[in-house]
Each structure stands twice: as C-alpha cells, then as structure tokens.
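Asker: Supplied in structure tokens, the structure appears directly below.
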Amino acid sequence: MTYLLALDQGTSSSRSIVFDERGRIVAQAQRELPQIYPRPGWVEHDPREIWRTQLATAQDALREARITAQDVRALGITNQRETTVLWNRRTGQPVHHAIVWQDRRAEPACAQLREQGHAAAIQAKTGLLIDAYFSGTKLQWLLDHVPGARDAAEAGELAFGTVDSWLIWQLTGGTRHVTDVSNASRTMLFNVHTNQWDDELLQLLRIPRALMPEVLPSASDFGATDAALLGGPIAIGGVAGDQQSALFGQACFTAGMAKNTYGTGCFMLMHTGSRFQKSENGLLTTSAAQASRSPEYAMEGSVFVGGAVVQWLRDGLRAISASSEVQALAESVPDSGGVMMVPAFTGLGAPYWKPDARGTITGLTRGTTIAHIARAALESIAYQSAALLAAMSRDAVAAGGAPVSELRVDGGACVNDLLMQFQADLLGIPVVRPAVVETTALGAAYLAGLASGVYASTDELSALWQAERRFTPTLPRSQAEALMARWEHAVAQAVLPG
C-alpha cells in the first residue's frame, strides 16, 4: 500500500492526515493552536507553536496509521494563507509573532496606497484588491516596527514566508526557502502573469528581494524532511494555500468548475483555466494550484459570516445548545415564515464589499418563532453563496465561457442536508457533496502524489473523485428568483445610510 501524508495548518488548529493512494483517510491527528490578540484588530500566532503543533500531529498521524516514514511516498502541505512570518536565517528563530490573515494593523498603509492611486496597477499585476488581508503590507509593518529588522533584511539575514515556507524551512532543517504559486499569489507582491516576484511592487512597499522565497509550481520538489523528525526522510512534493488546495482536492481542474467551502465563513473558487480574468463583479483573481509550470488561475470570493451565524444562534441567542441542533430546529417549520436574516456582523464581503453593513432580521410578525429565525439564519448562508456564484457566472459569461453548471461543496456546514438542498434550489444547479469532505488536505496529498509519481496525471485524480450525495434543485426558477430578489432588498436595508 502507498501512503501520502498531508499537513493541514489552519488558523485554529494544526492537523495531519494519512491518505492511501485512493484518497481514503487512514489516520488523522489534530492539535489546537492558540491565537494571540495584543490589541483590538490585531491577531497573531507564535510561529514556534505553529511548528510544534504541526510536527506533533504528523508524528501522531503516522503512529495512529501504524506506518513509518519509509511507507510514505511523499508529504503535502496546505496552510492558512496570507499569515506572515519573518525569521532569522542563521538561527531559524522568528523575529516577531506571525501576523495572521485576519489582522488589520496594516490598514493605514493600504489606505495610503489607495490614496496614491496604486489600486489599478496592483490589481492588474496581482489580481488582488489593496487590503490589509494580504501579506505585503503585513511584512512592511514588521520591517518598519521590529527594531533592527529592516537593516537585517537588507543585509540578507532574514527570511520571509507564508506558513508553508516556515514549515518547509523547519522540516528541511533550514536548507530550503521556498513557496508555491498559490501562496505567493496572496502576498500582493507576486505578478501572476510572470509567476515571479514583482520588482516594482517590492520597491513600492520597500521590501528587499533578498527576503523572498523561491516560487515553485504546487507539485514540485520542495526538499525532504530531516530524517530525525519523522523517523526518516520524506519527500515534500505538494504545497498549496488552503482554498486552492480544496479546489484541487475537489478535482476542479478545468475552467468553469467551482467549489464552495462552508466554514466559519464561505470561500468560493471557480477555476478559469490558463486565462487570467479580471472580475467586473467584486471578485479576486488568484493563482490556482499548479501541477506543472503552466499558469492556472481561479476567481475567488469570500463570505465573512457562514457557519459563524450558527455559532451566534448558540452563543448569542442561546437558541440551541450545540451547533448540530440547528438542522432539527430549522426543519421544525416548513419555511422561514417570511423572516430574512442578513448576518452582516462585520460588514458584507464579496460580491457586495459593504464594510459598513450591519446585521438585520426583517419580516418579523407575532407568529415568528425561534425556529423561523434559526431557519432564516441557516438560509442566509445559502443566499450569500448564491449571490457569489451569480457574480462568478456573470464574469464567466462575459469572458465567453458558460455559467457554472455544478457546485462542489466541502467544509463543516456541508453536512447539513437542509442547507445543501436550499442551496441547490436557489442556484438552480446541482450541489454535490464528495465522499471525502477533507478536500483541503486531500488536495495537498494529491499534489504530493503527482510530484512523486503516485499519479500520472490529473485525469487519474478526476477518476478517483466520488460524490457522496447530489442535491438537485426542486424549486421552480420563478420562486428562486423571487427569493433572491427579497434577499437583495434585505441587503440594501442592511447598509447604514450616510
């Protein structure tokens, strides 16, 4: 039996999963990762804890699977994107906590870039909107605020990386400073047309090129693990940011294929093939995971509050005592009774981009019960995702393609049958849940398998992908369109005047 090991480093935990060559889970392990909140709007991790927890889960997973390093053909890494680590090349020690993707401290630098008129040029080169979310201004902040960091960086003494780079550095004993195109494309420093760091963007943000890792395709030779760590060397063959890895794990390899990950928020990606396409509908363009040196792209949109609305029902309203209870409560009524919820607790993300929007519940009557509100909360996840898919389809059609014909789903909330059926009804296309829902880790394993010869091509991976359940639309299109019109009216009400 051939095995592949996937390291899945996330915002709240580090996980490792052992897969067999058919993509089936053999064993898995998880360790919590504490977050650090030094000030309002600031979010950090200790990079040493990222490494400690990730290594421990890899060791645990191999032990649980009752295999050794010699049984593992290759290792793949997938990771929280944009989170920024800066470390000393000689000692291997971080010079500061990692600045997490959620952190907003670089917003003043972003505002300055926008005011100086750089938005169009940055989007043209990177596919991204100027935002503190991305790594570039986080790195700029570290160089400007950590004593001695800028001088050390210019002297070539420091290394920058997203979480994948940091893990590879540690896994290889400091011999490899590399990343992949999907992670590089989230820095706001990477030219997605040339697949290279962009000198003009580096100069604009005053970042020395000596800091930057080598960029490789997502299925490549990233080095091998130090033999002392896992009981023997293991080739590192696959690396991809979490959302691009999930797209790959869902076998979305061709233009027009799309997936939605239902987590705390929702992340929807649509593959656009070898075509870089600028969105006219509020979406980002990003590099997809690349199995070869040929550039591949995707359009991406994110919903800020997805499964988090269920947590709010539990912790805020105390309508349920456990998240798993929401489906039964929502199913206790035939519909939402006219109640519409817009969970804009932190504004609205794509395709609206309304940071000043606030959460609303409309359509309340004396007959409204907590079950109606729970159903409206659950349905709000589907409404937001439907608006996102409509924006993607408009972009696809504008570029001469076809609208998305099927949505593949993963993430914690995809197990909710009521939500998935309502999603299919709103979209008017099938929603497909895979047999293996750990698609983020599976994508990393698939990439490692391609690099190490376990798989000959992505065609082989497409044949391995299996659906667990297919939700087909049951609602007439006229009804679905009327519901979406009510949703858009509710969104307009959620935007504060002035």
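Using N, Cα and C of the backbone, Cβ positions are placed for all residues, glycine too.
In case it's useful when we look at the structure, here is the feature table from Swiss-Prot:
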- THR11, ARG15, THR264, GLY307, GLY412, ASN416: ADP binding site (BINDING)
- THR11, SER12, SER13, THR264, GLY307, GLN311, GLY412: ATP binding site (BINDING)
- THR11, ARG81, GLU82, TYR133, ASP242: sn-glycerol 3-phosphate binding site (BINDING)
- ARG81, GLU82, TYR133, ASP242, GLN243: glycerol binding site (BINDING)
Asker: Just report the maximum Cα pair distance in Å for the recorded sn-glycerol 3-phosphate binders THR11, ARG81, GLU82, TYR133, ASP242, no decimals.
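Answerer: Between the most distant Cα atoms of the sn-glycerol 3-phosphate site, 15 Å.
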Asker: Taking the Cβ of ASP242 (sn-glycerol 3-phosphate binding site) as the centre, count every other Cβ atom within 10 Å, in any protein chain shown.
Answerer: 25
Asker: Rank the binding-site residues ARG81, TYR133, THR264, GLY412 by the number of other Cβ atoms within 10 Å of each Cβ and report the first-ranked residue.
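Answerer: The largest 10 Å Cβ neighbour count belongs to ARG81.
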Asker: Same chain only, sequence gap of 6 or more: which residues have a CB within under 8 Å of the CB of ASN416 (ADP binding site)?
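Answerer: Result: VAL326, GLN327, LEU378.
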Asker: On a C-alpha basis, identify the one among ARG81, ASP242, GLN311 that is nearest to ARG15 (ADP binding site); the candidates are the binding-site residues.
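Answerer: Of the binding-site residues ARG81, ASP242, GLN311, ASP242 has its Cα closest to that of ARG15 (ADP binding site).
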Asker: Measure from the Cβ of GLN243 (glycerol binding site) and count the other Cβ atoms within 10 Å, all protein chains considered.
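Answerer: Cβ-Cβ neighbours of GLN243 (glycerol binding site) within 10 Å number 26.
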Asker: Using the alpha carbons only, what distance in Å do you get between GLN311 (ATP binding site) and TYR133 (sn-glycerol 3-phosphate binding site) once rounded?
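Answerer: Cα-Cα, rounded: 23 Å.
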Asker: Compared by Cα position, which of the binding-site residues TYR133, ASP242, GLN243 is the closest one to SER12 (ATP binding site)?
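Answerer: Smallest Cα separation from SER12 (ATP binding site) among TYR133, ASP242, GLN243: ASP242.
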